[in-house]
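The following features are taken from TrEMBL:
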- 12-158: domain 'Lactate/malate dehydrogenase N-terminal' (DOMAIN)
- 48, 111, 135, 136, 137: NAD(+) binding site (BINDING)
- 98, 104, 137, 168: substrate binding site (BINDING)
- 162-336: domain 'Lactate/malate dehydrogenase C-terminal' (DOMAIN)
- 193: active site, proton acceptor (ACT_SITE)
């Protein structure tokens with residue numbers, strides 16, 4: 001008797017900046033099934049700039065050598081029309097990094113050009129159901145520009161990565177309470193993926209020996225939460241660079257996997273995670289035309305901002321400060337966009 005197992009149709013996933021170090025930590029997890037499911041075949045498209053094509057060939061060889069059953073095909077390319085054709089998921093890691101002595105404004109200008117091009121290519125070539133995750137910095141504003149440049153793709157399909165900050169905050173609380181990080185839930189990153197972000201634990205819970213305790217009660221050190229905890233999470237990326245002389249790659253890749261898996265399969269009942277999404281219609285008074293990190297719950301590949309969380313004056317001031325930075329970034333970027 002022969003059994004015929006019907007396997008799902010492969011999905012097409014593109015990763016940009018595919019020759020870079022974040023992608024190097026990321027591609028194996030995607031190809032092995034950690035993100036889109038253990039029975040979901042994948043066609044991986046690796047997009048990068050022309051000078052990186054020889055490096056991409058090496059990455060392709062390594063992916064082949066992993067002998068992964070779900071990986072149907074790997075396509076290296078430097079052309080957006082190949083990279084974005086009929087894709088189901090886009091992970092935009094590639095961006096212009098900040099060089100020594102570079103003004104933030106110059107960085108924005110260079111990235112507006114990149115994400116305008118990629119947004120237009122998504123608009124033209126990708127499936128309209130594509131889920132787009134922007135990782136390359138400044139991630140929130142790059143995401144907004146990509147979305148504005150892809151008018152035929154729903155705004156809700158665009159998000160930017162603040163899950164790394166979220167995971168950092170989780171881990172800090174867990175270490176402080178001497179529990180593993182899966183015992184901490186519902187921390188929030190508000191705002192920009194920059195040093196103005198606000199890591200908020202007013203609504204977080206810690207599971208201590210089987211009972212759920214508010215994070216503030218578990219830690220019993222309000223000064224730490226309002227001082228050192230916030231600055232540690234805000235400055236963590238810089239601390240990693242100072243130590244490794246390279247930016248976060250392993251942890252960024254893990255956060256990308258968490259973010260995409262939650263979009264694909266949803267968040268757990270009673271839990272929320274942080275991601276940068278369109279602020280339109282948000283219940284927290286954040287200006288509308290921004291990509292801002294909120295607490296969200298996800299079901300059927302659709303996110304919803306968690307409503308009704310009480311916000312005290314301390315939190316409100318921090319949320320307003322990061323929003324102000326995003327408004328300034330947006331206005332500068334939109335000026336470049338119209339030039």
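From the backbone N, Cα and C atoms, a Cβ is placed for every residue, glycine too.
Keep in mind that TrEMBL annotations are predicted by a computer and have not been checked by a curator.
Note that the structure is predicted; figures quoted are calculated from it, not measured.
This view paints the features noted in TrEMBL onto the structure.
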residue	record	Cβ contacts under 8 Å, 6 or more apart
48	NAD(+) binding site	16, 17, 18, 19, 20, 55, 56, 76, 78, 94
98	substrate binding site	104, 107, 137
111	NAD(+) binding site	95, 96, 136, 137, 138, 141, 142, 145
135	NAD(+) binding site	22, 91, 92, 93, 95, 160, 161, 252, 256
168	substrate binding site	199, 232, 233, 236, 251
193	active site, proton acceptor	137, 138, 139, 140, 160, 161, 162, 165, 276, 293
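Mean predicted confidence for the domain 'Lactate/malate dehydrogenase C-terminal' (162-336): the pLDDT average there is 97. The binding residues for substrate are recorded as 98, 104, 137, 168; their greatest pairwise CA distance is 25 Å. Once the Cα atoms of 48, 111, 135, 136, 137, the listed binders of NAD(+), are compared pairwise, the greatest separation found is 16 Å. Ranking the binding-site residues 104, 136, 137 by how many other Cβ atoms lie within 10 angstroms of each Cβ puts 104 at the bottom. Look at the domain 'Lactate/malate dehydrogenase N-terminal' (12-158): DSSP puts its residues at 67 helix, 27 strand, 53 coil.
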